[in-house]
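A.B. asks: Pulled from TrEMBL, these are the listed features:
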- G623, P624, N625, M626, A627, G628, K629, S630: ATP binding site (BINDING)
- 819-830: compositional bias 'Low complexity' (COMPBIAS)
- 697-713: domain 'DNA mismatch repair proteins mutS family' (DOMAIN)
- 808-830: region 'Disordered' (REGION)
Amino acid sequence: MSKLSPMMQQYMKIKEQHKDHILFFRLGDFYEMFFEDAKLVSKELELTLTGKECGLPQRAPMCGVPYHSANTYIRRLIDKGYKVAICEQMEDPATAKGLVKRDVIRLITPGTVIEEDLLEESKHNYLAALMLGKGELAVCFADVSTGEIMASSRNCSDPAAEAISELAKFTPSELLYSKNLEQNPALSSYVRDRLGCVASSLEQEGCLLEQPGPLICSQFGVESSDELGIPEGSLLEQTLAGLVQYVKGTQKDGAKRLSRVTLYGQDEYMNIDLTARRNLEITQTMRAGEKRGSLLWVLDKTKTGMGKRFLRKALEQPLMGVAAITRRQNAIGELLGNQIALEELRGLLDRVYDLERLLTRVLYGTASPRELNSLAQTAALLPDIKQQTASFTGEELSGIYQQIDPLQDVVKLVESAIVEEPPLTMKGGDYIRAGFHQELDELKALRDNAADVIQTMEQAERERTGIKTLKIRSNKVFGYYIEVTNSFLDQVPQEYIRKQTLTGCERFITQELKELESRVLTASEKIVALEAAILTEVRQYIASRGDAIQTTSAALARLDFLCSLAQVARENDYVCPRFNDKGTIRIQNGRHPVVEKMLTDSVFVPNDVWLDQKENRMLIITGPNMAGKSTYMRQVAVIAIMAQIGSYVPATQADLTVVDRIFTRVGASDDLTAGQSTFMVEMTELAHILKYATPKSLVILDEIGRGTSTYDGMSLARAAVEYMVNTKRLHCKTLFATHYHELCELEQSLDGVKNYNIAVKKRGDDITFLRKIVPGGADDSFGIEVAKLAGLPQPLLNRAKEILTQLNENPPAGSSVHPQPQQPASPQMQMTAYVSQVEEELKKLNVDLLTPIEALNELYELKKLLP
């Protein structure tokens with residue numbers, strides 16, 4: 001290292017302190033990376049790798065990015081899971097003596113980002129801390145960009161399984177964990193292969209404190225952790241302290257944004273694991289990973305970043321308390337009952353900035369003048385928002401009204417202090433408004449009108465001395481000086497100091513002139529420093545109002561969320577679901593909210609569902625592929641989720657019970673990252689359901705046993721049905737789609753099992769999917785007909801029919817040991833479904849309002865419903 005150049009020695013010394021971070025080393029207008037960091041970054045960001053003389057025989061590998069656009073590159077590195085250390089020049093290179101002092105001012109990790117352009121507006125960015133004890137779990141989730149901390153602890157028989165459940169609820173972008181996690185294969189595999197975030201141990205980061213109490217007390221302003229509801233000496237206290245210690249190490253100003261802790265219980269939120277989230281496409285689609293086509297896409301009519309995060313969090317953590325759900329329902333009802341207020345509120349919210357994250361940057365002293373203006377512009381809307389909510393009487397909306405602070409003192413301060421259009425950068429100042437600070441105004445007048453000031457002084461000196469030829473000039477040697485011709489030398493005042501004698505004149509200076517010169521020459525520098533000091537004072541005042549701003553932003557987030565759900569309900573004809581304590585799910589004319597929005601050339605066919613804890617615990621659903629079995633099952637789960645976030649639902653009536661967990665076993669694919677085959681994935685998911693489902697759970701099974709031989713698969717499917725129905729610990733409400741028609745006979749032998757099928761109209765070799773769920777089992781899977789719809793060649797289809805006929809006439813040996821399915825739905829039953837559908841459509845018609853042409857069109861449509 002001694003052979004390295006002084007600057008490279010400085011670099012290596014700083015890098016040694018941040019080995020696990022990519023070091024962005026400020027050199028002039030660039031952040032440079034050297035050696036291994038340069039090689040890594042040039043590869044990841046596709047930058048040109050160059051070299052720099054470093055004192056060694058070979059040049060040091062180097063790449064760099066412009067400092068003014070560095071966040072673009074940092075975002076890409078953070079998204080790839082890297083950590084970045086920002087090393088700044090701590091003094092002006094132009095005035096520095098020797099090597100410029102440099103130091104790391106900020107550590108940026110995926111879970112501690114606060115910069116707006118590094119964050120996704122619509123989702124929380126959680127840093128998680130997790131510790132496992134013997135039969136105990138403690139977990140904390142902090143969004144450093146908003147200051148929110150959610151914490152929970154519990155005694156449990158399987159802490160690792162509970163940890164997986166909690167991580168699935170919050171989907172953190174970074175995880176800190178206790179070292180013993182690595183000893184649990186299931187949990188460590190989940191974190192490594194499924195969670196998809198940066199993970200490191202608390203011990204490795206130096207954040208496992210032996211005495212966590214003092215840090216907790218100083219951070220949250222309490223005398224004991226007990227005041228936060230966290231027992232002293234508990235595993236949760238140690239976990240929270242580890243998280244706070246980690247955040248303090250990444251921020252120049254510590255973890256000051258983390259000021260409140262919310263404790264939550266195990267039973268406060270519905271549990272939706274990662275598999276169910278993916279299969280139900282709650283926040284993104286399975287194929288493309290896009291928002292469009294997800295439930296979030298349908299429900300998101302929010303106007304603010306705060307509202308978007310609240311909605312997403314609500315979907316990822318649906319409520320289980322009926323009282324809290326009902327409060328939200330009542331609020332939506334009030335908004336729908338006053339649509340003028342709803343429109344006014346949505347218009348106002350559309351002009352609201354992200355108050356929550358703006359406050360974070362104020363507290364950390366990084367909020368720019370433009371961001372302070374955004375904060376003030378939002379605060380200026382608060383009186384109107386408050387007025388629009390004043391007439392509501394329900395608990396939720398009246399609570400929002402009470403929690404909104406108009407913050408007019410903040411508005412007044414920012415409007416008087418900050419110019420309307422601040423410059424893009426603060427480097428040159430000029431963002432403080434004229435008239436706000438007298439000394440600043442004088443400095444700006446001096447800087448902007450130096451010539452006028454000198455001329456004024458010159459005129460004043462002429463009048464005072466009577467020297468008509470007196471002039472004030474300047475040069476590089478003397479700076480400003482007073483020049484007097486020889487004929488007036490006898491009138492020169494005593495305080496003039498002679499500096500130079502020329503042929504026809506003499507030059508003088510005065511103390512006043514030198515002071516003026518100093519003020520003129522340093523005015524720009526002083527303006528920048530004074531404006532920075534004023535900006536700091538403005539930030540500090542706003543920070544002192546942090547609690548009120550935080551409470552107000554939380555209220556705005558809830559209001560935006562409720563307005564969004566009200567707007568969606570109004571646009572899509574949703575109804576308010578009721579909740580019962582009988583364990584019943586009964587939905588009339590339910591619709592899948594996403595599928596019906598995606599259909600452009602047809603109308604979604606609604607369906608009923610009835611599940612309970614007695615005769616209708618498990619519905620076995622048969623019918624051909626593409627007929628709508630999967631959509632039907634998923635829509636039941638999606639409606640349950642919607643109802644438990646407080647939303648109205650797509651149905652004509654819904655009477656529901658609270659669901660504690662939703663499980664899905666859908667489709668089949670290899671999990672290559674975990675080294676599991678299709679069948680192994682299927683069986684693992686089924687085992688997970690059988691282990692953790694409860695009588696309050698909702699289970700979606702879309703095929704069981706497809707990944708193995710026909711008889712193995714059918715045996716496992718039947719055994720699974722019997723186990724779920726007969727095991728009292730389970731007795732969960734289940735929708736089970738299958739092509740094993742033999743399972744239909746279980747309706748006769750098992751209590752709680754009911755058969756349903758998708759109505760299909762067949763004419764010759766052609767089939768039409770009616771998308772209607774009717775009682776009874778299907779008599780055919782219509783596989784060859786579906787293959788025809790898919791466009792398979794006719795010779796292939798003809799050969800398939802021959803083989804099918806042979807198999808039906810001469811079944812494979814051993815098939816007799818498998819029970820025959822119960823009598824399938826009769827043609828009369830199918831016809832009843834058609835007639836019932838026609839009756840429903842007729843009841844909807846208002847004959848008195850139909851024109852002759854419209855009546856004829858309706859008749860044609862009704863005819864299409866018949867076989």
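Keep in mind that glycine also has a Cβ here, set from the backbone N, Cα and C atoms.
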A.B. asks: Among G623, P624, all listed as binding-site residues, which has the most CB atoms within 10 Å of its CB?
C.D. replies: G623
A.B. asks: On the three-state reduction of DSSP, what should I expect for A627 (ATP binding site)?
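C.D. replies: DSSP assigns A627 (ATP binding site) to coil.
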A.B. asks: So what's the mean pLDDT when you look at the domain 'DNA mismatch repair proteins mutS family' (697-713)?
C.D. replies: 85
A.B. asks: Could you give the number of helix, strand and coil residues in the domain 'DNA mismatch repair proteins mutS family' (697-713) as assigned by DSSP?
C.D. replies: 4 helix, 5 strand, 8 coil
A.B. asks: With the ATP site defined by G623, P624, N625, M626, A627, G628, K629, S630, which remaining residues of that chain have Cβ atoms positioned within 8 Å of the Cβ centroid?
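C.D. replies: For the ATP site, the extra neighbours are A737, I758, F769.
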A.B. asks: Between the binding-site residues N625, S630, whose Cβ has more other Cβ atoms within 10 Å than any of the rest?
C.D. replies: S630
